[in-house]
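Asks: Let me give you the structure first, and then I'll get to my questions.
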Amino acid sequence: MDPTHQSFRLYAEVLVSANINKILDYGIPAELEDRVTIGSVVKVPLQRKVTNDKYKFAIVLKIKDSSDFANVIQPIAGISYEGVTLPKDLIDLIFWISQYYFCPLGSTLSLFLPTVYSQTHSTKHQNNVFLGQNAERTQEIIKSIEDPHQIAVLRKLLKTTKPLTPKELIKKTDISTKILDSLSKQGFIRIVDSANLEIQDEQLQYFLPEPPTLTQEQIEAINTISQSLITTKFQTCLLFGVTGSGKTEVYLQVIRKARSLGKSVILLVPEVALTIQTLSFFKMHFGAEVGVLHYKLSESERTQTWHKAARGLINIIIGPRSAIFCPMQNLGLIIVDEEHDGAYKQSDLPPFYQARDVAVMRGKFTNATVILGSATPSLESYTNALSKKYTLSVLSKRASTSIPTKVSLIDMNREMEKTRKKILFSPTVIRSIEQRLAVGEQTIIFFNRRGFHTNVSCSSCKYTLKCPHCDMILTFHKTERILLCHLCNTRLSKPITSCPQCHGTMTLQYRGAGTEKIEALLQDFFPTVRTIRLDSDTTRYRGSHDALIKQFATGKADILIGTQMIAKGMHFPAVTLSVVLSGDSGLYIPDFRAAEQVFQLITQVTGRSGRSYLPGEVLIQTFLPQNSTISHALAQDFPAFYKEEILGRKACNYPPFTRLIRCIFLGKCAEYTLQEAQRMHELIKQNLDAQASLMDISPCGHFKVKDLFHYQFLIKTRNILTVNKQLQDAFSAAKLSSKVRCIVDIDPITTFF
């Protein structure tokens, strides 16, 4: 029968996972009437004739017995997730996110469905080779076999501190794939899809601590949060605890309390990288009740966990920001660990939500207790706690097993005067690393630039090589022998023979340093040192981050070198030295959050040292030893930093005293993009609420990215929803050219890049 003439007894109002901002009516076929309920996930057509792979996912919002479009209505094609319905708190959250973050309802819905979300987030797969037996047994195997190629492979794996792909191992040992196949069949090696490292329990073994004796501050925090759980009233608690103060132990105890009350739990961590270490700890205590959810899982893994949580078979979900959208039965507790972290802000695809704030709103919709934990709270959260909007629990001392860490500042101006040249490592740092190597203790070195050389120029005219598609200087990556753009990933692997500026024969000069060079220098200083480098180059494949962390945690390397990802919640009991090579680099960025982010980063890095019975030391190298942000970070004095920073925020009317809306215009023609931005700016100026203020248009910090030019302006307001409505009216009136795209970012974490 032609669906345009089909009649139905019942109709459903549904929200479709497409880039549309309205609710549509569909007919409910007779065979689905008993199975479709409010919150059901269904499949619907958006066009008259569709194939099975063209159906869209949708959520049923309302069931009714009539429709204004009954004559042309199409039927629901089927139920996608049988027996699973989205709870009311999630449906309310969809509408709130859409309104607040200025995003169509259909695009917002994609966050909440596992299949749709996984289709928009892809990742790379890679196999890694591991020993099939422990080191002692492998040594015995080497003595028992005669094939020199097999022996070479096993010896290489015994020595390596980094996961190797089959291709890398074949190249390093000069063997064929048959050798690897033979060793694998005998059980002497394992060839594992790196993705599986994230879900195999046997891979989740780290140093397991003895149950600690709780401090009085921990007991008070646990009691405060437990009382909130018992009353079943929405409450947000800021758990402000210095690094090593035992916030995780507080999480453990309140999760136990929530489970004893029959309530489920969501625990957010900033990045997938932290999920495995956190999962290991909580699986040890709660076993099969715990599930992990993030975009790097396969579609089937993600969907399976989502279904189990929706049915109450998993009651504790751990994951990065996307885990906040998991349907849970009787959700009673939401924990946002490292709540200050910028990774909670989605920046790649709309809606550009802040998961910390979404967590608070979900807690409100479901009457749950929300914990925001950090050693360096965001200024917004700390202000909310001081104003009593949130309750405040403070852990001011390190846990009883921790010895206070010694923190020292190294003035690199003086070091350069002594050496009369630029140096990356001061003598003090070299001596301190040497002392750790001598006694078998570990060191973490933080340097927030990747690659080998960060500046490559013509030796004749000094022209610096830039990306042809962006206004970004190219970085030399020695491992791959390429020049790489860190904005658009353009790779130049062929030698450059003539200078684009002077057209002379190109002789390159290399300057600047990244983590690759830091690793190379350390190996020059200490030829026998075992290093692991942790940055986006070494962790691009699924599971590679976890494999590297496991190697370091089990003592297979002496020094961990990395970018900001090493600052986030890692727990390594054998680390007694943390080094910040360039403590002031982030302060040169013209962004209102720059000082806050530098303070947070230095404080978090220093917290990686001395987390067990061994005394820790932190060394911070800087060219700005008198800078107050660095001084406060050196003293680990967040209240003093807050007191100073909040004065500047208030004087300039920046968050937390207002909220920001950032409108970014992108187009291939710089002049035309600016014209459209000016036209939109004028329309908004005419209609803007008197309580809001409109800032001038300016080029973005990265003006050209992927051949698109970027302009922006900011709106300051206390009422986002009101201004969003005025923005929508302005967009409707402006009818922007299809050649220019506008991105609206609510509560941006940066106003520069």
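Quick reminder: no glycine exception, Cβ is built from N, Cα and C everywhere.
So Swiss-Prot has the following annotated:
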- Gly241, Val242, Thr243, Gly244, Ser245, Gly246, Lys247, Thr248: ATP binding site (BINDING)
- Cys458, Cys461, Cys499, Cys502: Zn(2+) 1 binding site (BINDING)
- Cys467, Cys470, Cys485, Cys488: Zn(2+) 2 binding site (BINDING)
- 228-395: domain 'Helicase ATP-binding' (DOMAIN)
- 491-646: domain 'Helicase C-terminal' (DOMAIN)
- 337-340: motif 'DEAH box' (MOTIF)
Asks: Measuring Cα to Cα, tell me the gap between Gly241 (ATP binding site) and Cys488 (Zn(2+) 2 binding site) in whole angstrom.
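Replies: Their Cα atoms are separated by 38 Å.
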Asks: Give the residue counts of the motif 'DEAH box' (337-340) per reduced DSSP state, in the order helix, strand, coil.
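Replies: Per-class counts: 0 helix, 1 strand, 3 coil.
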Asks: Determine, to the nearest whole angstrom, how far the Cα atom of Cys502 (Zn(2+) 1 binding site) is from the Cα atom of Lys247 (ATP binding site).
Replies: 58
Asks: Can you grab the distance from Cys485 (Zn(2+) 2 binding site) over to Cys499 (Zn(2+) 1 binding site)? Cα atoms, rounded to a whole Å.
Replies: 18
Asks: Which residues of the same chain, at least 6 positions away in sequence, have a Cβ lying under 8 Å from the Cβ of Cys488 (Zn(2+) 2 binding site)?
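Replies: Cys467, His469, Cys470, Met472, Val705, Lys706 - these are the non-local Cβ neighbours of Cys488 (Zn(2+) 2 binding site), listed in sequence order.
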Asks: Secondary structure at Cys499 (Zn(2+) 1 binding site) (DSSP, helix/strand/coil)?
Replies: coil
Asks: For Ser245 (ATP binding site), identify the closest of the binding-site residues Cys458, Cys461, Cys499, judging by Cα separation.
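Replies: Sorting the binding-site residues by distance from Ser245 (ATP binding site), the top entry is Cys458.
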Asks: To the nearest whole angstrom, state the Cα distance for the pair Gly246 (ATP binding site) and Cys499 (Zn(2+) 1 binding site).
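Replies: Checking the Cα atoms of Gly246 (ATP binding site) and Cys499 (Zn(2+) 1 binding site) gives a distance of 56 Å.
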Asks: Relative to the Cβ position of Cys461 (Zn(2+) 1 binding site), how many further Cβ atoms are located within 10 Å?
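Replies: There are 12 of them.
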Asks: Compared by Cα position, which of the binding-site residues Cys458, Cys461, Cys499 is the closest one to Thr243 (ATP binding site)?
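Replies: Nearest candidate: Cys458.
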Asks: Identify, in sequence order, the residues in the chain of Cys458 (Zn(2+) 1 binding site) that are 6 or more apart from it along the sequence and have a CB within less than 8 Å of its CB; answer 'none' if there are none.
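Replies: Listed in sequence order, they are Leu465, Cys499, Gln501, Cys502, Gly504, Met506, Thr507, Leu508, Gln509.
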Asks: Please report the distance from the Cα of Cys461 (Zn(2+) 1 binding site) to the Cα of Val242 (ATP binding site), rounded to the nearest angstrom.
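Replies: Cα-Cα, rounded: 50 Å.
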Asks: Taking the centroid of the Cβ atoms of Gly241, Val242, Thr243, Gly244, Ser245, Gly246, Lys247, Thr248 as the ATP site, which other residues of that chain lie with their Cβ within 8 Å of it, listed in sequence order?
Replies: Ala375, Leu395, Arg398, Ala399, Gly607
Asks: Test of understanding: give the count of other CB atoms lying within 10 angstroms of the CB of Gly244 (ATP binding site).
Replies: 25
Asks: Who sits close to Val242 (ATP binding site): which same-chain residues at least 6 apart have their Cβ under 8 Å from its Cβ?
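Replies: Counting only residues 6 or more apart in sequence, the Cβ neighbours of Val242 (ATP binding site) under 8 Å are Ala375, Leu395, Ser396, Lys397, Arg398, Gly607, Gln636.
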Asks: Are there any residues at least 6 positions away along the chain from Thr248 (ATP binding site) with a Cβ closer than 8 Å to its Cβ? List them or say none.
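Replies: Residues satisfying the criterion: Phe281, Asp337.
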Asks: Other residues near the Zn(2+) 1 site, CB within 8 A of the CB centroid of Cys458, Cys461, Cys499, Cys502?
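Replies: Neighbours within 8 Å of the Cβ centroid, excluding Cys458, Cys461, Cys499, Cys502: Ser459, Ser460, Lys462, Tyr463, Pro500, Gln501, His503, Gly504, Met506.
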